[in-house]
Amino acid sequence: MNNFGNEEFDCHFLDEGFTAKDILDQKINEVSSSDDKDAFYVADLGDILKKHLRWLKALPRVTPFYAVKCNDSKAIVKTLAATGTGFDCASKTEIQLVQSLGVPPERIIYANPCKQVSQIKYAANNGVQMMTFDSEVELMKVARAHPKAKLVLRIATDDSKAVCRLSVKFGATLRTSRLLLERAKELNIDVVGVSFHVGSGCTDPETFVQAISDARCVFDMGAEVGFSMYLLDIGGGFPGSEDVKLKFEEITGVINPALDKYFPSDSGVRIIAEPGRYYVASAFTLAVNIIAKKIVLKEQTGSDDEDESSEQTFMYYVNDGVYGSFNCILYDHAHVKPLLQKRPKPDEKYYSSSIWGPTCDGLDRIVERCDLPEMHVGDWMLFENMGAYTVAAASTFNGFQRPTIYYVMSGPAWQLMQQFQNPDFPPEVEEQDASTLPVSCAWESGMKRHRAACASASINV
């Protein structure tokens with residue numbers, strides 16, 4: 001396990017009674033009299049530990065391998081490494097990051113079915129053996145570059161009910177799977193298991209059942225060909241926040257019986273998964289500052305009974321956009337909703353508004369329409385559930401820098417992380433400590449932020 005002390009974490013350790021919300025307000029207050037009101041994140045590492053406890057309870061047979069691509073922030077990876085999770089890496093760079101933090105190669109799966117030969121060789125030279133494939137060409141590459149690899153066959157699934165579909169790009173059909181297994185046997189390459197991914201934002205948990213059933217078929221094919229497969233990877237697609245139609249426990253409530261049916265506990269099959277957004281989405285809150293404002297007058301309709309306020313809309317420009325943190329709107333099908341840092345007056349008027357990023361691109365729009373009280377340059381907007389597929393894909397287009405991330409952790413969360421590193425960590429401690437962890441940036445009832453009335457839903461995770 002990775003033993004490290006507070007000094008190794010670039011993290012603010014919260015005093016008793018303080019939460020991530022307090023740090024966010026503190027950072028805003030610190031720059032209130034300055035012109036440098038840059039966008040920033042507050043990330044609650046304790047929220048990630050709470051998610052891990054929740055995972056252990058909901059999917060006790062499934063070992064999580066965190067999808068590094070979702071958020072490769074070093075503090076996130078290090079926190080999860082301390083809990084003993086594995087890691088789903090998609091490239092040489094991600095493998096380097098994870099191994100630089102002391103994670104052994106046995107806790108890494110190179111889960112990219114289409115790999116560059118030089119990166120396959122890098123994995124071989126650094127002890128990473130588990131890797132996925134879905135084609136004969138990939139088999140040939142691995143046979144030459146990493147003959148001792150432990151291969152996992154990625155199969156296609158019905159991801160028609162997912163927001164982000166992956167089977168259009170990855171996965172072998174059942175018919176092709178048999179041919180690939182036979183070819184792997186000819187090449188003397190060891191196939192140790194099967195993987196699949198039902199897609200992100202899956203709205204039908206029965207998709208998992210069908211995929212697990214298909215995986216069982218491929219296991220049986222493997223046995224007929226002569227492989228003794230022992231690994232099932234059920235992929236990702238687990239929600240990372242509560243503002244979704246299908247809750248995490250609703251999904252796991254369907255997965256567990258399917259696993260027991262097709263891969264019972266006495267089958268000798270190890271089961272892993274590749275959660276990404278599940279762990280990090282709700283841990284991050286983004287604060288952006290209004291840097292410009294434009295009033296747009298609507299064309300007069302001639303109606304006498306129209307409220308004068310309805311004749312204008314507001315355009316707000318903030319210092320992060322779709323080329324930065326909000327790339328999730330373009331690439332992850334996210335719908336974001338702002339929170340107001342200042343509580344509006346009860347009788348304050350609301351206006352039709354739109355929110356735009358800082359770049360020169362006319363497509364840099366964050367929210368097409370929402371109802372907000374009139375705001376001003378220098379005011380702050382907050383966006384919750386911004387930990388997944390945001391900072392990892394942010395660019396510096398137009399010279400706009402990525403927001404700073406301020407990590408926080410409570411005392412109980414820190415103690416829990418130390419307990420995770422104890423090999424004798426008892427299951428009963430897990431539930432006991434879950435309730436002691438503080439609420440993160442999903443504000444407690446007495447401190448709730450005022451939520452703007454937007455046409456779009458909260459971020460889709």
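Each Cβ is built from the backbone N, Cα and C atoms, and glycine gets one as well.
Worth saying up front: this structure is predicted, and the values here are computed from it rather than measured.
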Please identify which of SER200, SER325, SER352 is recorded by Swiss-Prot as part of the pyridoxal 5'-phosphate site containing GLY237, GLU274, PRO275, GLY276, ARG277, TYR389.
SER200
Out of LYS69, LYS92, LYS161, report back the residue that Swiss-Prot marks as N6-(pyridoxal phosphate)lysine.
LYS69
Select one residue from LYS69, ARG277: among these recorded positions, choose the one with the most other Cβ atoms within 10 Å of its Cβ.
ARG277
Taking only the Cα atoms, work out how far ARG277 (pyridoxal 5'-phosphate binding site) lies from LYS69 (N6-(pyridoxal phosphate)lysine), in Å, as a whole number.
10
Looking at the binding-site residues GLU274, ASP332, which sits with the largest number of other Cβ atoms within 10 Å of its Cβ?
GLU274
For the pyridoxal 5'-phosphate site given as SER200, GLY237, GLU274, PRO275, GLY276, ARG277, TYR389, which other residues of the same chain have their Cβ within 8 Å of the site's Cβ centre?
ALA67, CYS70, GLY236, PHE238, GLY240, TYR278, ALA388
Check GLU274 (pyridoxal 5'-phosphate binding site) against DSSP and tell me helix, strand or coil, would you?
coil
Separation of alpha carbons, CYS360 (active site, proton donor) and TYR389 (pyridoxal 5'-phosphate binding site) (Å):
23
Whole number in angstrom, please: the longest C-alpha to C-alpha distance across SER200, GLY237, GLU274, PRO275, GLY276, ARG277, TYR389 for pyridoxal 5'-phosphate.
14
